[in-house]
Amino acid sequence: MMLSPDQVSLIGLVFETYVMEHHKSDIQQILQENTEDLHYPVVVNAMTLFEDNMEVGECFNAFPSKVLPIFDNALQRAAQAISQSSSSSPQDTFRLKHNMHVRISGLPVCPELTRDHIPKARDVGHFLSVTGTVIRTSVTKVLEYERDYMCNKCRHVFSVQASFEQFYTFTPPTSCPSEEGCGSFKFTCLSGSDAPPAACKDYQEIKIQEQVQKLSVGSIPRSMLIILEDDLVDSCKSGDDITVYGVVCQRWKPMFQDCRCDVEIVLKANYIEVNNEQSTTALVLEDIQKEFEEFWDSHKHDPIAGRNEILMSLCPQVFGMYVVKLAVAMVLAGGVQRIDASGTKVRGESHLLLVGDPGTGKSQFLKYAAKITPRSVLTAGIGSTNAGLTVAAVKDSGEWHLEAGALVLSDGGLCCIDEFNSIKEHDRTSIHEAMEQQTISVAKAGMVCKLDTRTTILAATNPKGQYDPNVSVSVNVALASPLLSRFDLVLVLLDTKNPDWDKIISSFILQNKGAPSESLCLWSMEKMRAYFCLIKTLKPRITPEANTILSRYYQLQRQSDSRNAARTTIRMLESLSRLAEAHARLMFRETVTVEDAVVVVSVMECSMQGGALLGNVNALHTSFPDEPCEQYKTQCEIVLERLGLSDLLQRELQRLSGLQNGRPGSPKSPQSHSEHRNENTTSTNHSNQELGLNWFHSLSSSSNITSNNPPTPVITSTQNATTPPDMTSRNQQQQASVWAKSADVSVEEAVQETVSKKLRGKRLKEMKETLLLSKDDDLEDIFSHSTPMKNSKRKNMADTYQESGEDLHDKFTNFTFKPREKMSHANASTSTSAPEKQKRKIETDSHPPAEGGRANKTLRMETHSKNKTCIESEKDAIIPEAPKKQGVKKNNSSLRPPAEGSRAYKILRMETQNTNLTPIESVRDSMKPEAPKKQDVKKNESILCPPAEGSRADKTLRMEMYNTPKDVSSQLLNDDSSAQKQMFEDKEHPQQLLSRLNALSPGENDDGSNKKPLKTDHPKAKVASSTLAKLSRFSFTGSSEEQAGHKTVQTPPVAANGGVNVVATGSEKQENMTNMSMRREISDRQEDDGETAGRKRRCFELGSGGSAGLIKGFSLFSSSVLDDEDFDDVWNW
């Protein structure tokens, strides 16, 4: 069907009237242009045109190829009419243009006219709009679309149009078209090789591809050729998202004999609308700029809160992750590109690498950033090659063309690469030039050129296996140092399995079902896109103060011992400058201030993974602060004090004070997730709390947050844990735990501690006035891993530490305390006939006078260490058959009574007189050595070599020991067994003892070469016989570091006569306390003679449960004189 002449004239008249009414100003502007040979478009909205005249719309949809030339002719007549009728201005100002074209846009949104997919054969001849992405652009060509021919017979000249369907080839005429009808078929082409072409125009072909997000499931994107002519040439470039308005046509190459005709479908474009530039063009609107200016004017007293409001609108489906959102926003804002004095171009785009465990939201940030950026490409590293990332050479129609890759397609925009470490190594090195020099040099298929890649790269990758904080980031992600140094920021997101974080995230996802919450404070995606396009037009300048902070921080990073060589290069200083400019853009400022520099240093510290200021920060667990100004104040103090810029700190704090004084009220953070945080966040001040500096706010209970003390963030140190300066909460926890343990300890319980002789001696030396303390004393100043003790005792020990200025916490951090089971004491039932006076006497023995000498304190400690199973322990002692001479000498010397007039003799005599025991002379007479009889020798051998447990001899021995007079038998048994045991130990470990003796200091060496009697600091005091009796179970080596066995404290039942009742129960034998003073005399004798053996490690027990022990509740772990060298045993708690 063809249009009639009447329809053609009607369509032309209607369109001319429409143009004169709606586009008169556009035509006048075109007529004022000086150049007449250019092609000028007049964009006409199809919806408006069809509303004015429906018949024109119907004809246009039915015959678009016929109607469009009619529109162009009508436009020419309208322009001529406007030029002639204009009398307000001189005629010479309007120049008639012959190349004016009508461009149709704004088709009705319906499936018949608007397509998201590539048209098919049934769409041929229809005017459609197709949306896609430009993947290839060809070079611009000169197209000859018309030729002049002359008839050789009648000399008639006529024009021949090139056939679009046959790739603009010319078909020679078969007959003369003149009216005379000469019938000649011979013609001469006037546009020969010598003559210039009569009519030419620009021609270009581009290829578009369907957008992936608009495809159905499982579909592969298809592509289509678009024909551009005249003013449409070079209107778009590779990577642009465009909407093409045009006519779907078929074309084929000229047919030849025995050649198959290949028909292809192309779209002859009438108008191209670049979707990327829509947001940019909308920025010129004054109302949008005014809206953003009013927003920042409302936050002039707290600009950080306004910035956080923008960050909350960035990827709102991800909860928290404050540092990551801030870093992504600064990267999207970008810095200012500049050219230095030497002419070298310094890039302004920043690059960001997100390294994290699976499920930490890395891909969500990449997708959102690609959506709000006008020009972006999103790809994955697993399917990317060198040619796919840079450029590929493709041969099409006998010619080589360059197809742009992901980096070239994203020129001037954003390139998001997921799974960055999946790119092959030789392909990964190809993007080095694109990231730093922002160009790609190509030498392929005879084409040598350089393409621009002025793009921002936002990459995400998973660590290689489990992230190891002890190695560098390049090893964890398997990326080379040259590539890693090109990233301005590298944020590590570690999933530390924090229970509070898991609870918040699960509640946030389930309650909102993954959708962003409906909140008035969140910006829409269109508004975010418009804002980031607007701030990219700003060009902030760096102030000298900001330059000082950035340069000082760079120098500090270079001098850091734990610095990463791949990150701390000169590129780091350029990155700091770019990020500072980006933050100034984000704050809608034209100047880079101290605030921008401090924030950039804070984010860089999170990126360095072992920074010079605070170490490591897990960016995953950072959330938005309730008081942004207070958080910035804390950051400012930490950064500037560490950098030594106190003058800048004072000025900045004054500026912040002025802002706070000027604002009407305290700023409230419009955190969209605050409800979830307040409802679901519990206090994280428990034993497994992750500690860190007050750097970025994170999980914390709202009740524990004050304005003066910013909340401690829940961060995970990836290398070395950083101890926070404020340990108040931890001390409170320890105080509560210690008191809880103290409350659970009953009178029957005691705690077993294993210590060395040297440690025990030092402990006894310093315990003078630490017996009775109040229960309500504070434990905050004493950090102890020991057993619970009385509060009054802790108070005195705390005062001792305050006076000495020592930090016991530091002393105990290098030791490991191993828990052991506590041993319960049996309740010793007191005899009903025991008077109250005797009970008070035992308590008095438990607390001797504070002014007692060293010997008195030693006796108190040793008395406390009596074991109830002494008889069984004697059975295990192995007695050598032939003791050495030294051992025999020791045994003989240990049995000698003290000399008359000696110090030990006077003490022993006084004690025996006070207790009405056997006189000392009788004891000495009974202990004189004499030739033993055969029967006695046999008895001694049976004692020294105990029979097997449970045998008849064992039972007989027990009965004999029970019935033996309690004057000398138990003394002989203990003395002989202790001497033989000491002799065996000397024989069994000679090398070990010798090495330990040589390692001692001269003042501590008590071997045979230094046989000097030890002198105590204080004179020995009087000791009760009951105390001496309990020492009979221990062997003393003559050293100041007394030996003690691994015993369990038991309080013997008190009898009416002042003695001790004997309980004959299998393993429990308690001896009579009479005639036991000889043991102390023998011990003193050994000290005077100076005959000692090597150091041996023994254990003793301290009771903390009540009155069961003689020394109540002392703990060696709280000693104020403990040094690292004192801990020569394995500590057990």
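Residue numbers in this text run from 1 along the chain shown.
Quick reminder: no glycine exception, Cβ is built from N, Cα and C everywhere.
Annotated by Swiss-Prot as region 'Disordered', the relevant range among 782-805, 878-901, 974-997 is 878-901. Taking the centroid of the Cβ atoms of GLY356, ASP357, PRO358, GLY359, THR360, GLY361, LYS362, SER363 as the ATP site, the other same-chain residues with Cβ within 8 Å of it are LEU354, ALA460, ASN462, LEU493, ASP495. Within 10 Å of the C-beta of ASP357 (ATP binding site) we count 17 further C-beta atoms, all protein chains included.
Shown are the binding-site residues PRO358, GLY359, GLY361; the one with the most C-beta atoms within 10 angstroms of its own C-beta is GLY361. The DSSP secondary structure for GLY356 (ATP binding site) is strand. Comparing the binding-site residues THR360, SER363 by how many other C-beta atoms lie within 10 angstroms of each C-beta, the top residue is THR360. GLY361 (ATP binding site) falls within neither a helix nor a strand when secondary structure is assigned with DSSP, and so counts as coil. Counting only residues at least six positions away in the same chain, the Cβ atoms of LYS362, ALA460, ASN462, PRO463, LEU491, VAL492, LEU493, LEU494, ASP495, LEU620 sit under 8 Å from the Cβ of GLY356 (ATP binding site). In the predicted structure, the domain 'MCM' (304-509) carries a mean pLDDT of 86. Of all Cβ atoms in the protein chains displayed, 25 besides its own lie within 10 Å of the Cβ of LYS362 (ATP binding site).
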